[in-house]
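Database features, via Swiss-Prot:
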REPEAT    22-61  repeat 'WD 1'
REPEAT    65-107  repeat 'WD 2'
REPEAT    109-148  repeat 'WD 3'
REPEAT    192-231  repeat 'WD 4'
REPEAT    234-273  repeat 'WD 5'
REPEAT    275-309  repeat 'WD 6'
Amino acid sequence: MCASVTESLPKFPELKTRDLQGQQGPIRSLGWNLSGSRLASSSSSGSVLVWNSDRLDFKFTTELGNRGYGLVEQLVWDPTHSDRLMAVYAGKMIRFWDFRSAKPIAEIESNYENIYATWSPSGNYCCASSRDDMLSFIDARERRIMETFQQPCETNECCWSFSEDLFFMTTGLGTVQIMEWPSLKRVYDIKAHNSNCFCIEFSPDNRHLAIGGADAITSLWDPQELICERSITRMDYPIRTLSFSYDSRYLASGSEDRYVDIADTKTGDQIWKIPTNGPLNKVAWHPTKHILAYAVSEPNSSGLKIFGL
């Protein structure tokens, strides 16, 4: 049994990186759908492409809408449906897409310049957050804004707990604020870092909560006890993006350091390091395989790459 488990683990030195070419401009956001059959990427050129994971070639991509819809700040797939995703636009619009449709299936006009979006585990709710730290909570079934909530401090990435009764928000105070959902009653602050907290991610097995900060540290927490189990301190620049592998065994992180760090979640030790030619914008593990998509800011390229093929 132990041998079969070992054999199933990736042999990192043998894994290759592939450039996905054809999309113009640096990649701003990317993500895999529920099944891992598609990878969506948005770029500074205004294009949103959906890549076929079985045929990772530009000629097999599908463009959602057209660039007349504006610049996508963030996109996120419905966690319960492989064809649906949500995107927040620089022009204060929030759009819901179905991959099979040429036009948005719903549009919501927001009063705020939203820059981040997340979806609840049940797929029933979404949240969009703005440059002005305004949170817009959306009923994804009726596709309407339920409530807006003004944060009194800088707010960056946010997410729901697996049970969907709590909502977590990273802040510029070095804390993660926790509110009850849907009452939005503030119940606890995690004193996570000495400076701004930028990113947050639960592991798929719900045994780890990762928080990335401006102090170049990634902290790993027990989400039940809210106790810090270990810190990863290898990087020199603020942590901007985090992603757990599907089996919760590995944590990928990225910053302005010119590499992707892949850590063992049980020890925090570096398992592998992927060199890059520029700062990292986003990392995203495939939902069922040890394949990592990541976006790098590099000249004359979108910087979209796949590791693990």
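Using the three backbone atoms N, Cα and C, a Cβ is placed for every residue, glycine included.
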Among 109-148, 192-231, 234-273, 275-309, stretch most in contact with the repeat 'WD 1' (22-61) (C-beta, under 8 angstroms): 275-309
Composition by DSSP (helix, strand, coil) of residues within the repeat 'WD 2' (65-107): 3 helix, 20 strand, 20 coil
Average model confidence [pLDDT] within the repeat 'WD 1' (22-61): 94
Long-range neighbours of the repeat 'WD 2' (65-107), counting only residues six or more past its ends (CB under 8 A): 28-35, 37-38, 40, 42, 44-48, 50, 113-123, 126, 128, 136, 138, 140, 143
